[in-house]
Amino acid sequence: MSTLELHHIGKSYQSVMVLDRIDLHVPPGSRTAIVGPSGSGKTTLLRIIAGFETPDAGKVILQGKAMFDGTTYVPAHKRGIGFVPQDGALFPHFTVAGNIGYGLKGSQRDKERRINELMDMVALDRRLSALWPHEISGGQQQRVALARALAQRPVLMLLDEPFSALDTALRASTRKAVAELLSEANIASILVTHDQTEALSFADQVAVMRAGKLAHVGPPQELYLRPVDEPTATFLGETLMLTAQLGTGLAHCALGQVKVDNPHRRGEARIMLRPEQITLTPLRPEQYNAASCLAKVVAIDFAGFISTLTLQIISSGETIEIKTISREDLHVGLTVGLDIMGQAHIFAE
């Protein structure tokens, strides 16, 4: 049984369709990331799951029980769902301990014991318990918000872009710590984000949302390497898209012959490669004949660790752009050999 099931969820504001027949299953203990651009409907979907809003159509099922089905509506505070908002939303007039323990019942000793357990769980030094929210770092504030959400022992944790306000290094470490914590506690979770890297690294199930619909749902590696369509492919990372002729498990394209992930397709198709699949080797003239594909570097856009290279394929004159790790041995006018690792992905007809 799934922890959460969404069936044909629909939502409109006046005449604008925000969510269009959303179906999603969240397995027990799993981490799901809903990723999409601003305005795609992902936060509205999260609020419907939490019970802050009601859908116009569909069903919300939590651990086999209807939270909403058109006749049944269970309010947010009775769903047993934890919620961590984007800014943490800590109570400024409560200490760290007061925030974590907000809503806990029982004796003062029981509350203190539970607060200490939660601080240990989210790797917060107990000496911070008497401090005010403004006296601790952004990463610590997010851990306090997570501990507060965990205090009620939720069956599902919802995370609404909780790392977006943190700097890059802190965001990565906090994200990893939260993912490990939720896995250890065997709590199913849903992260909403517009950051593709965050979604791919946090989740074991990624749902790409576009214009109120789920375009593709599946394991992160599947979505990255075999996306359902070109918009999903480009949204999840840098791509090289090529038109090719297919036959006998190969694509004949500007890069020569490339292996593909569907040996049965024939005819013209669009194929996709990720930049890390392409290896560039600087060549001397006497090495040209040994290369499967030759290209000339016509422009380099340096951006630190990554550079964007504009290459002209010598055999066809076609120009392509690829991103690669910046290297001192690459310069304008250089002839390079291109080698492809792995298979190109063929988009569905």
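In case you wondered, yes, glycine gets a Cβ from its N, Cα and C as well.
Swiss-Prot has this to say about the protein:
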DOMAIN    4-236  domain 'ABC transporter'
BINDING   Gly36, Pro37, Ser38, Gly39, Ser40, Gly41, Lys42, Thr43  ATP binding site
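Listed in sequence order, the residues of the same chain lying 6 or more apart from Pro37 (ATP binding site) and placing their CB within less than 8 Å of its CB are His194, Arg210, Phe235. For the binding-site residues Ser38, Ser40, Thr43, the largest tally of other C-beta atoms within 10 A is found at Ser40. Note: the ATP site is recorded as Gly36, Pro37, Ser38, Gly39, Ser40, Gly41, Lys42, Thr43; in the same chain, His194, Met209 also have Cβ atoms within 8 Å of that site's Cβ centroid.
Shown are the binding-site residues Gly36, Gly39, Gly41; of these, the residue with the fewest other Cβ atoms within 10 Å is Gly39.
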